[in-house]
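Step one of this worksheet: look at the structure below.
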Amino acid sequence: MPAALVGISHSPLIGKNDPAPDVLAAVDEAVTDARAFIAAFAPDLVVLYAPDHYNGFFYREMPPFCLATEANAVGDFGSAAGPLSVDGEAARTLADGALARGVDLTVSARMTVDHGFVQPLQVLFGGIDQVPVVPIFVNGVAAPFGPVSRIRALGTAIGLAAADLDRRVLFIGSGGLSHDPPVPILAGAPPRVADGLIEGHPPTPEQRARGEERVVQAGRAYAGGSTSMIAINPAWDELVLDTFAGGRLEDVDAWTVEWMGAEGGGSGHETRAWIAAFASLAATGAYSMTSRFYRPIPEWIAGFAVATALPSGQRDEGLTARPGGLPSKP
Ligand SMILES: O=C(O)/C=C/c1cccc(O)c1O
Ligand SMILES: [Fe+2]
C-alpha cells in the first residue's frame with residue numbers, strides 16, 4: 001500500500017500570539033514543505049490521529065482512543081466549524097480491522113472534535129472537507145493515561161488494517177511535543193470546573209471567549225517568562241524525534257506516563273498521536289523520515305515540530321518532497 005506520514009504540532013495561539021518573524025518564517029517553510037510532500041504523494045485517504053481539549057470527550061466516559069465514522073468540529077479558537085469529510089466506509093473497515101487484531105477500539109458514530117483535528121486539516125489541506133478522512137481521537141490531556149505500548153498497538157493495528165484498503169493513505173499525528181498549556185485538570189478542580197469536565201456542558205459564547213482569552217494571556221505570560229507552567233523541553237523533544245527518525249518505535253513501550261508528564265509537561269501526552277501515526281506507517285514496512293523541523297515556541301506554548309516520512313521503498317522510488325534528504329536541525 002502506498003503510505004506516507006506527516007507529524008505536525010498544533011496550537012490555538014497561532015495567529016493570536018505569534019513569535020518573531022524569523023521563527024514564523026521558518027515554521028511557514030516547514031509547513032510549505034509538508035504541503036508539497038502531501039501534493040507529491042497525492043493521498044486519497046487521511047487517517048488523522050489527534051487529541052481533544054474538553055470539547056468532545058469528557059470524564060463521564062473518557063476512552064484512551066476512539067475512531068469516528070462521522071465527526072463535527074466545534075469551531076474553538078476561531079477554527080473551522082461543521083462536518084469533517086469522514087470516509088465512513090473506510091472508518092468502519094479500519095475499526096473492524098483494529099478490533100480483529102485485538103485492540104479494544106471505541107467507535108463514535110458522531111464525534112465532536114476541536115482544533116486538534118481541525119488545524120492540521122486547515123493548514124495542510126485548506127479546510128476540513130477537502131480530503132476523505134478517518135479521525136482517530138487519542139487522549140493526550142485527560143489523566144489517567146494508559147501505557148504507551150497500547151498506543152503503539154493501536155497504530156500498528158490501524159496500519160495493518162489500512163494496508164488491506166488498497167488506498168493511498170496518509171497518516172497524520174497532531175499535537176505536542178513538550179508543552180504545558182493551562183488545560184484544566186480534574187484532580188483538585190473546584191466543583192463547578194469538575195462538573196464541566198465530567199458533564200461537558202456546552203459553553204455559552206461568552207464563556208468560550210473568556211476561556212480562550214485565558215489561554216492567549218497564558219501564552220503571553222509564558223513567552224514573557226512569568227509563569228508556573230512547565231518549560232518547553234527541547235532535549236526531550238529531540239529525543240522523541242530521534243526515536244521516530246531512527247525507527248525505534250519499540251522504545252516508546254518503556255516510556256512511563258510519569259516520565260512523559262515530567263519531561264513533556266501536562267500536554268506532552270499529545271505526543272501519543274505522533275506515536276500512533278508512526279506505528280501505523282511502520283506497520284506497512286521500514287520507513288525513512290524525509291524532513292524534520294523543530295522549534296521551541298513559547299508564544300504558542302508548544303515544542304513545535306513538523307516531520308514527514310515515507311516507506312523506505314517509496315523513498316527509493318523518488319517519491320519524496322526533499323530530494324536532498326533530511327534537512328539539518330536548526
Ligand atoms: O486550551 C486549549 O484548548 C488548548 C490549548 C493549547 C495550547 C498550546 C498548544 C496546544 O496543543 C493546545 O492544545
Ligand atoms: Fe493541544
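Heads up, the Cβ atoms here are built off N, Cα and C, so glycines get one too.
TrEMBL does not curate its annotations; it predicts them automatically.
According to TrEMBL, the protein has these features:
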- H115: active site, proton donor (ACT_SITE)
- H179: active site, proton acceptor (ACT_SITE)
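Comparing the active-site residues H115, H179 on other C-beta atoms within 10 angstroms of each C-beta gives the minimum for H115. Put simply, H179 (active site, proton acceptor) is 16 Å from H115 (active site, proton donor) when counted between their Cα atoms.
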